[in-house]
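K.L.:
Below you'll find the structure I mean.
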Amino acid sequence: MKFSTLEHILIHLSFSICSIVITIRLINLVVTTILKPYDFSEKGIITTFLCLTGFLVTRWIYSGHFPLSNLYESLIFLSWSFSLIHIVAYLKKNKNLSRITASSTIFTQGFATSGLLTEINKSGILVPALQSEWLIMHVSMMILSYAALLCGSLLSAALLVITCRKKFNELLRLIESLSFDKIQYRNQRIHLFGKTYFFSVKNYYKIQLVQQLDYWSYRVISLGFIFLTMGILSGAVWANEAWGSYWSWDPKETWAFITWIIFAIYLHTRTNKNFWGANSAIVAVIGFLIIWICYFGVNLLGIGLHSYGSFKGMAS
């Protein structure tokens, strides 16, 4: 069997499994069945992880270099990183994080296997600037950081949605209470004590969910920030060897630095308990947008020292 055929089978098998997992989860939101979609989805993502690992190893052997030389390969590695985080979340029994990583895996892999990247989905000879032992260290750290930071930011976004929805519902109840006359108010008081337990339990679970989202978003973003720092530092050393300068302020480097600053601000807000929750989550959501600009948006420009990373070279 040719390497290209094996790659084709592995990548489309993993995409098909992800699609089935997402479909079952969507159906489960509407219809309750006797199946256990959570257990099935975990096994599906683990199988996807193994398929993607097989794809990366196969391409590594076939091409002779680590498969991070173009946008297509970096997207596959990003999808692999999401599935890796998903497995960690599964072992930690964190369903909230695993839901996000499963969706992220199917999104990135779906884009990678779409017709938009057909021209670069085949491995080629590395350009001279990429023929370095720093390729694995720098690009892998950057992609892992993107995966972790994106997952953490999505957890923060979920926290914001729940918090804003709660405040919106409280505002609606306040408006409704102001429109009631005295008779309606007395009738409400009769039923108030019967409903107190229901609302207290409901609010308790919401508070628990918000706290878990806040806790895990902080943990995952902290890990991503470490990877990002290592990626930037290793990239600076590599740049000095390749171009004779540690930093050149080209678009890719500039936006990577902006990304680092945004998440440094996020971590700084975590030092003050008054900024925990929604306040720090807002910074993380901003960081989510910045990451996509840094990773994908800058590549579309095709300018700067990382111009070969647009659609023909590295996409770190």
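A Cβ is built for glycine as well, from the same backbone N, Cα and C atoms used for every other residue.
Heads up, here are the entries from Swiss-Prot:
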- 15-35: transmembrane segment (TRANSMEM)
- 44-64: transmembrane segment (TRANSMEM)
- 71-91: transmembrane segment (TRANSMEM)
- 142-162: transmembrane segment (TRANSMEM)
- 220-240: transmembrane segment (TRANSMEM)
- 247-267: transmembrane segment (TRANSMEM)
- 281-301: transmembrane segment (TRANSMEM)
K.L.:
Report, as numbers and ranges, every residue of the chain located at least six residues beyond the transmembrane segment (220-240) whose Cβ falls under 8 Å of a Cβ in that stretch; write 'none' if there are none.
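P.N.:
Sequence-distant neighbours of the transmembrane segment (220-240): 85, 97, 132, 134, 137-139, 141-142, 144-153, 155-156, 246-248, 253, 256-257, 259-260, 263-264, 266-267, 284, 287, 305, 316.
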K.L.:
Are there three or more C-beta pairs under 8 angstroms joining the transmembrane segment (142-162) and the transmembrane segment (281-301), sequence spacing 6 or more?
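P.N.:
By the criterion, they touch.
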